[in-house]
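Residues or ranges marked as ATP binding site in TrEMBL: 24, 25, 26, 27, 28, 29. Residues or ranges marked as domain 'Lysidine-tRNA(Ile) synthetase C-terminal' in TrEMBL: 355-420.
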């Protein structure tokens, strides 16, 4: 009887507080979930996650199958119903939506588990090769990687589909078959059913060679990552801002390697080659007074003072003034959360004061360090990029600008003793 080495896998998963296993009801995810649930120490923190895409007429029956399987084996199940844009690449849209959902579940000390196996890995390498991928793409799927605030793990990458199916048969497991897996207009299915069988005739055991190539590329990518960290030690601290002032003397290959590492570190979709190759000439080498940007998908890259700023291009509303009537309870405006707490140094707020949050309109002034200065000038001194200035909260007390949240307090409202002194902070949520 084929066995999966879940003793070793179990020891790897012990440090995690929560385990979420992707569960489509298919062969691979069924075997993964069953094998995990056989380990009591893992089952206690295990939850199955089923994504109902609604693309197949059998989607409801698959959901029912997953519910019955989890009920039978006493495994908690979360079901997500999603709608996809069917006019785009369905494979890609479904995959991205699943990872978006898994990422939302992935908190600290959390592991997301997926059932990809050795055959999937070989197919992935070939698909990436046909797409013209570089070293990172030809590394195929890593066994471990960051996802959200936690980690993603693929425990079955060392096992073939045949081994996994034999395990399922020996353990009398039932699973569903997605009829779309036979449709060869999907690239992976075409490769699996039409291309790989021909390759195996000429090169038996080709999957072993493909896996070896992926391993070589993973090793090469590891070296490139180490080079990026050596060239730019600031990458040890993840940030949405990449200061390139000390990097412009590097050749383009090394600078591109740093930028790739930084984008991957921030877990965003990588741009295609044409878009990526615009970053250095259009952002880093353009005129100092220019305000260039490069965008792809939901991502936007801007440059300010030789630093790259990465943003997610979400729709925003025009922010308007709002009374903070329940001060110091937290206040949320659009995606900005503002919190106040008693502190021995901060802004003075007296009982009865009228407190208001506003946003820049132009012409604001604030007294700081004995001088009245234009807010625009202060933003320049603080190095606040132009596109961020209209979303910096301004705290007004009794109609007077008392604080630029996150930057400075007006001389008229600064206090360094209790009571009635508050530390006020804003953050994007």
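Placement of Cβ uses the backbone N, Cα and C atoms for every residue, glycine included.
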Using the centroid of the Cβ atoms of 24, 25, 26, 27, 28, 29 as reference, list every other same-chain residue with Cβ within 8 Å of it (recorded ATP site), in sequence order.
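Other same-chain residues near the ATP site: 23, 30, 31, 115, 175, 176.
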As a quick check of your reading of DSSP, tell me how many residues in the domain 'Lysidine-tRNA(Ile) synthetase C-terminal' (355-420) are helical, how many are strand and how many are coil.
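Here the numbers are 12 helix, 25 strand, 29 coil.
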Look at the binding-site residues 25, 26 and tell me which residue has the greatest number of other C-beta atoms within 10 angstroms of its C-beta.
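Selected residue: 25.
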Around residue 27 (ATP binding site), which residues of its chain at least 6 apart sit with Cβ under 8 Å of its Cβ?
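Looking at Cβ-Cβ distances below 8 Å from residue 27 (ATP binding site), excluding near sequence neighbours, one finds 161, 164, 165, 168, 175, 177.
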Inside 10 Å of the Cβ of residue 28 (ATP binding site), count up the other Cβ atoms and send me the figure.
23
